Amino acid sequence: MDDDDSGIQEEPAPPPPPPPPPPPPPPLRRLLTATRSGGSRWVDGSEVGSSESAPWSLDGDRSLRLSVDSAASAGGASGGGGGGGPLSRASSGAFRRRFGKQPRRVDSLDVEAMSVRGAHGHSSKEISMLSTVAMAFQTLGVVYGDMGTSPLYVFSDVFSKVPIKSEVEILGALSLVMYTIALIPFAKYVFIVLKANDNGEGGTFALYSLICRYAKVSLLPNQQRVDEDISSFRLKLPTPELERALSVKESLEKNPVFKNILLFLVLMGTSMVIGDGILTPSMSVMSAVSGLQGRVPGFGTDAVVIVSILFLVLLFSVQRFGTGKVGFMFAPILALWFINLGTIGIYNLAKYDISVVRAFNPVYIYLFFQTNGIKAWSALGGCVLCITGAEAMFADLGHFSVKSIQVAFTAVVFPCLLIAYMGQAAYLMKYPFAVERIFYDSVPEILFWPVFVIATLAAMIASQAMISATFSCIKQAMALGCFPRIKIIHTSKKVMGQIYIPVMNWFLMVMCIIIVATFRSTNDIANAYGIAEVGVMMVSTALVTLVMLLIWQTNLFLVMCFPVIFGSVEFVYLTAVLSKIQEGGWLPLAFSSLFLCIMYTWNYGSVLKYQSEMRGKISLDFILDLGSTLGTVRVPGIGLVYNELVQGIPSIFGHLLVTLPAMHSTIVFVCIKYVPVPYVPFEERFLFRRIGQKDYHMFRCVARYGYKDVRKEEHGFFEQLLVETLEKFLRKESQEMALEASAMAVERDDVSVVSDIPSSPVEAGDLHVPLLSDQRLGDGTQTFITEGNTPVLPTSSISEEDPSLEYELESLREAIASGFTYLLAHGDVRARKESFFTKKFIINYFYAFLRRNCRAGTATLKVPHSNIMRVGMTYMV
């Protein structure tokens, strides 16, 4: 039979004896961390013996990773296509300890996600060429509106500072514009900055979250090792670049000054983007409307201001309907606009003076500065307007792909803008005094009205892009704890990024009206416009440089070239625009300072409040001493205790025990936590653990969200999912106990994770998807627990062998029938008496003012007021 089974024919020699059976797998234990003495430790606290392998493996791409398999698969190192021998246990342990320091205390939530499906990366789908072209067409209407409308006002602002005396001024200004576009948007953003994306997300906060994942630089101390397993987290083999990256990482983590500087840069960049949201609509709309001057008799400055204000009111009034209602028109209008720019530019080149192509010679930049001196330096403030909106290429990356943005800029935007500016320069070579309205004067008479209509629509679309970017920045800042809670309305059921913030919308409208009515001139607004743009670019340069050092591990020479080349150019432009502070440049600085103070104060107060909660948390021993009744009467019902702690029992629970005459039979501590990733997959969102013994009926639930995730769940559906998940948790816990008992395992670690994954793929952009899934948890749902791929026992057999499970499930059903109660803290944050005056002023007045006027936390839960119970607390920070 053995010969037949193995397919061996008759041979004179007897078959070799079968190999000895492999040793049985070790007990269900998991490797967690390295001990202080250099050894390894299991989750249950026992040391790894000398015969057990270190928790490392070397895979084919020559990268180190922490093994999440059972001990049977964790031993040794396996070589791959990349070759290379196994690392020694001592060197790998020291390297791991240096890359990511372990928490002092082993908490179950630090281990639970080690078996999360997809923890080591998510496969990226290749986008077809047709899809890339279609996406590139869409970027014209969303990304490039601001930059595309810059020909309306660039030359008029430049030559308002440098009068045209000869062709040197025209060719020099044209050469400056051409090389500025080629250097900043084309070289910096298209080829470098776009690659520094956070899983396809761009913007200042995306860079910050990317840095926070590789170094613990967030000031809010709620980071956990478990968060590293949300997305791919790999350690490369030791190299000089990696050693340098580790040194940078350690410096950032150890020095609180560096953390504050990094946060300050991020908040300043975000504040500048909000400033752009105020200045862009004012500048774009007023530039488009000013084309009627000289064409319509009696249409003077007052008429321009009034019509611009009417357009602005209309623009902000339709925001509540969402960009999706008119978004399909954006790309065709902007495509038509770029075609007009290129066509009119070619017409002017052919008709007036094609010799302006000499501006490709950068020597005219030198002649421009040599001839005009300080005036030429002042003209840089107008020249920088040609790259307004360049940051949108990176900020709006989440809606498109890197390749689509690169294709659109390289194939359409870049050539059309160059031709448009050359056409205007050719017109000025013949009519040097037509600088005030150079764009409309260079348009052929027969095309004026069609071009005016398209220009006005393009200006409003450009304004829409910056308004939407402002809304997105506010939402991201709120998610990362850097902005007070305000109302956010999702205007699309399919597109997650389409949001509307009423308070910010009307604030922007009022500010835009004030700016137009006060400045009354595009040249004066341009003085303020440039500061915000250059400020955002310099912040992105600093953050991308840090990404190169810490994450990309680029060669040091190339790293230094990036800030030296681009940073020096941006610094020169910054000095030019800062010289216009008295002429209107103070405006963006005032707006940025206001929002910077708001965001930094909110973050500062939130960090102090969290630290105060950590100091006041209740010990588990105290809860155990109270017994299963918790020192009070347990009545049927489920109490959801909302708190911000990821570990420990919050102090609000102690207040509840003292204040309430009875306590719910089932207690779930719910922590809503935002992690520095754009999206958390639904199957990785929830972490569960049991607190105390079974008869306590107390659980912890940590719900993790990315800074671009949407929380839009009705309380009834959320409660249903929570209960079903809790039931799954209890069954898997019982199953785990049965398996360990049958395997004669060592003392069981009572930690489990339930990941409920829908049988059909879930799209992150669908707002109908709730916290876990949009399906009832049933037979078609896969479940995973921490102890690897353990076999699943039938529910019936488990319930027969474990009566305590049926008792606990019956108690849960009784609690469900009695209903849910949401228990929240209504806290007052006060500075301690011994604090400095500045801290008292910030916390007791400014932060308290923001807390009183921000949106209440209960408003985001969408729970009937009859189901909410709030307990007053005072946090001394």
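Cβ coordinates come from backbone N, Cα and C, glycine included.
Going by Swiss-Prot topology annotations, S282 is found across the membrane from V402.
Looking at the stretches 72-92, 765-785, the one that Swiss-Prot records under the feature region 'Disordered' is 72-92.
Stretch with the largest number of CB pairs closer than 8 A to the transmembrane segment (326-346), among 174-194, 296-316, 407-427: 407-427. Proximity of distant same-chain residues to the transmembrane segment (127-147), defined by a Cβ-Cβ separation under 8 Å and at least 6 residues beyond the stretch ends, is recorded for 185, 280, 284, 327, 329-335, 338, 386-390, 392-393, 396, 399-401, 403-405, 407-409, 411-413, 417, 458, 461-466.
Highest Cβ pair count under 8 Å relative to the transmembrane segment (584-604), across stretches 261-281, 380-400, 407-427, 442-462, 499-519: 261-281. At the 8 Å Cβ cutoff, the transmembrane segment (499-519) and the transmembrane segment (407-427) share fewer than 3 close pairs (sequence separation 6 or more) and do not count as touching. Note on the topological domain 'Cytoplasmic' (463-498): DSSP counts are 17 helix, 2 strand, 17 coil.
Long-range contacts of the topological domain 'Extracellular' (282-295) within the same chain: residues 146, 149, 152-153, 301, 303-305, 307-308, 311-312, 315, 437, 439-440, 448, 452, 455-456, 458-460, 462-463, 512, 515-516, 519, 522, 525-526, 529, each at least 6 residues beyond the stretch ends and with a Cβ under 8 Å from a Cβ of the stretch.
Proximity of distant same-chain residues to the transmembrane segment (261-281), defined by a Cβ-Cβ separation under 8 Å and at least 6 residues beyond the stretch ends, is recorded for 146, 204-205, 207-208, 211, 217, 219, 252, 312, 315-316, 388-389, 391, 395, 462-463, 465-467, 469-470, 473-474, 476-477, 482, 508, 511-512, 515, 525, 528-529, 532-533, 535-536, 539-540, 542-543, 546, 587-588, 591-596, 599-600, 603.
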